[in-house]
Amino acid sequence: MTLQKPFPDRPLTLAVLGSSGAVGAEILKILEERSFPIRELRLLASERSAGQVQFFKGEDLVVKKVSPEGFEDVDLVLASAGGSISRKWRKVINSAGAVIVDNSNAYRMEPDVPLVVPEVNPSQVFTHKGLIANPNCTTILLALVLAPLSAQLPIKRVVVSTYQSASGAGARAMNELKQLSQDVLNGNIPKSEILPYSLAFNLFLHNSPLQSNNYCEEEMKMINETRKILNQSELAITATCVRVPVLRAHSESINIEFAEPFPVEEARKILSNASGIKLLEDIQMNRFPMPIDVTGKDDIAVGRIRQDLSNPKALELWLCGDQIRKGAALNAIQIAELLLTRS
């Protein structure tokens, strides 16, 4: 099924699938902040979350159990309920005539599904066949930096290490980090139930499943999705992903090798003018981006841009970005806003 018809020239009937999760709740906040044109908003989730009340534009809205009836006459579905739910309901949603912006990893690497970061490859939105995939959070942050730099000089290789907050594992993981940190301070042994190990005053390699190549699933997402977004299938890129005891916002240490030497000041200028990026560098005070700088913010923060002393063609830099906002909810809504431009 190909769904490339423009949206109606009126406010949309919009469904948020998975509205009760951390990303779903953030979607509601951002829809209101950006005055997204909504005629009717439907909140859909699992049976466990049905009956919950969420707040939107001064009104209490009741979350309903996801069902085929919930998608009748819907124009757009923002889905953040996980890959299995997206796969289960895609055909039903598209058959009802709605377009899906999907936050899960279910369809990201499907050849005919656009994988979009609006600041990087916006035209891909209009190639959709009923579903547009939202990239992984760490991939979005990385792509925002790589795209404007690669427009200046070809990139030969990327080495990235991530420092991923509890928010990447959802609201329950954030609450667990708070509780286990208090347990440690009280002299008790922390017992993790949501994450595989205690994150309180601790860090561990990302807990997604290991693949046959000994990279974890999260690392392979970054590698494969970045290649697809930048349309560089042979890009040399490697990643190491780590979960750290931060509540919200991810960080990344990035080494980028170019085809030729890239002057540091030129890179600073390009990134400072790039959409979605705030340059944060106070060299005198040794002050660079931190997760608290970007928590609740739309833009990512980039700094510590410097020459790689071991490679004259490489630069080092550091970034922080809110995983729930630009890494998920905001990016999905920006995709929806692009779709509106074809109305």
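Just so you know, glycine gets a Cβ as well, placed from its N, Cα and C.
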### Per Swiss-Prot, Ser20, Gly21, Ala22, Val23, Arg48, Ser49, Ser167, Gly168 bind NADP(+); matching candidate in Gln307, Gln323
Gln323
#### Entry: Packing count at Gln323 (NADP(+) binding site) (other Cβ atoms within 10 Å of its Cβ)
31
### Query
Of Arg48, Arg108, Lys221, Arg243, the binding-site residues given in the record, which has the fewest other CB atoms within 10 A of its CB?
Arg48
### Query
Using DSSP and three states only, what is Ala22 (NADP(+) binding site)?
helix
#### Entry: Rounded Cα-Cα span from Gln323 (NADP(+) binding site) to Cys137 (active site, acyl-thioester intermediate), Å
6
### Summary
Counting Cβ atoms within 10 Å of each Cβ, the densest environment among the recorded positions Ala22, Cys137 belongs to Cys137
### Query
For His250 (active site, proton acceptor), what residues in its own chain, 6 or more apart in sequence, show a Cβ-Cβ distance under 8 Å?
Cys137, Thr138, Leu141, Thr162, Tyr163, Gln164, Ser165, Gly168, Pro291, Cys320, Gly321, Gln323, Gly327
